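Colleague: Below are the features listed in Swiss-Prot for this protein:
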type: DOMAIN; residues: 13-98; note: domain 'MtN3/slv 1'
type: DOMAIN; residues: 133-217; note: domain 'MtN3/slv 2'
type: TOPO_DOM; residues: 1-6; note: topological domain 'Extracellular'
type: TOPO_DOM; residues: 28-45; note: topological domain 'Cytoplasmic'
type: TOPO_DOM; residues: 67-72; note: topological domain 'Extracellular'
type: TOPO_DOM; residues: 94-103; note: topological domain 'Cytoplasmic'
type: TOPO_DOM; residues: 125-137; note: topological domain 'Extracellular'
type: TOPO_DOM; residues: 159-167; note: topological domain 'Cytoplasmic'
type: TOPO_DOM; residues: 212-230; note: topological domain 'Cytoplasmic'
type: TRANSMEM; residues: 7-27; note: transmembrane segment
type: TRANSMEM; residues: 46-66; note: transmembrane segment
type: TRANSMEM; residues: 73-93; note: transmembrane segment
type: TRANSMEM; residues: 104-124; note: transmembrane segment
type: TRANSMEM; residues: 138-158; note: transmembrane segment
type: TRANSMEM; residues: 168-188; note: transmembrane segment
type: TRANSMEM; residues: 191-211; note: transmembrane segment
Amino acid sequence: MDSLYDISCFAAGLAGNIFALALFLSPVTTFKRILKAKSTERFDGLPYLFSLLNCLICLWYGLPWVADGRLLVATVNGIGAVFQLAYICLFIFYADSRKTRMKIIGLLVLVVCGFALVSHASVFFFDQPLRQQFVGAVSMASLISMFASPLAVMGVVIRSESVEFMPFYLSLSTFLMSASFALYGLLLRDFFIYFPNGLGLILGAMQLALYAYYSRKWRGQDSSAPLLLA
């Protein structure tokens, strides 16, 4: 019979997977619009490329030969990588110009090369426990940059006193996912998991606080902004 500790770890990691799925699904509304218009319009494909790189690096960290016992980190980021790649393919297909299409393809190649460099370096130049520390440090830096990216949007909310560009459910999903994985990391005593997700938890709470304050003032129309914020 599994111990209470094992059950708690699994429950926290599973909750993080579920809340992360809500984040991965958040751009669906944007891509429904792209499919309907058969054009990417003014939407930016860069956030999906950064998210793909982040998912690939964190997926690598969760694999047994890098960090044993982190399978739920691998599953959530494997699913995330599939979603981001699908979004990027749609973006390439519906790009308004050949220049934009080639730019996204070129950046996608760089993302793949960057991930290949990290994964190969971790295998050929590092043994345990240095391998886990190397990949963990890279994944932590990537996660922190992803969690910090909405700071610009928070600034827009404060200046405009409008939550139009900061969807509530996206902020809530970020908060809940970060809380779940912060707990998961604490239970595993894994600094590379609980520290960046702890920061994500704080930033998610700040977004929710801003939403609670400014949503009372906001009387705008539906947003045309992409739901994956950068």
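Cβ coordinates are placed from backbone N, Cα and C, and glycine is handled just like the others.
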Colleague: Can the transmembrane segment (7-27) be said to touch the transmembrane segment (73-93) if we require at least 3 CB pairs below 8 Å and skip pairs under 6 apart in sequence?
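Modeller: These two stretches do touch.
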Colleague: For the topological domain 'Cytoplasmic' (94-103), give the DSSP counts of helix residues, strand residues and coil residues.
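Modeller: Helix, strand, coil within the topological domain 'Cytoplasmic' (94-103): 6 helix, 0 strand, 4 coil.
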Colleague: Would you kindly list the residues that approach the topological domain 'Extracellular' (67-72) from elsewhere in its chain, counting only those six or more residues past its ends and only Cβ-Cβ distances under 8 Å?
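Modeller: Those are 10, 13-14, 16-17, 61, 132, 135-136, 184, 188, 190, 192-193, in sequence order.
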Colleague: When secondary structure is assigned with DSSP, how many helix, strand and coil residues does the domain 'MtN3/slv 2' (133-217) contain?
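Modeller: Going by DSSP assignments, the domain 'MtN3/slv 2' (133-217) contains 71 helix, 0 strand, 14 coil.
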Colleague: Using a Cβ cut-off under 8 Å, which residues of the same chain at least 6 positions beyond either end of the topological domain 'Cytoplasmic' (94-103) come close to it?
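Modeller: Those are 34-35, 38-41, 45, in sequence order.
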Colleague: Per DSSP, how many helix, strand and coil residues does the topological domain 'Extracellular' (67-72) have?
Modeller: 2 helix, 0 strand, 4 coil
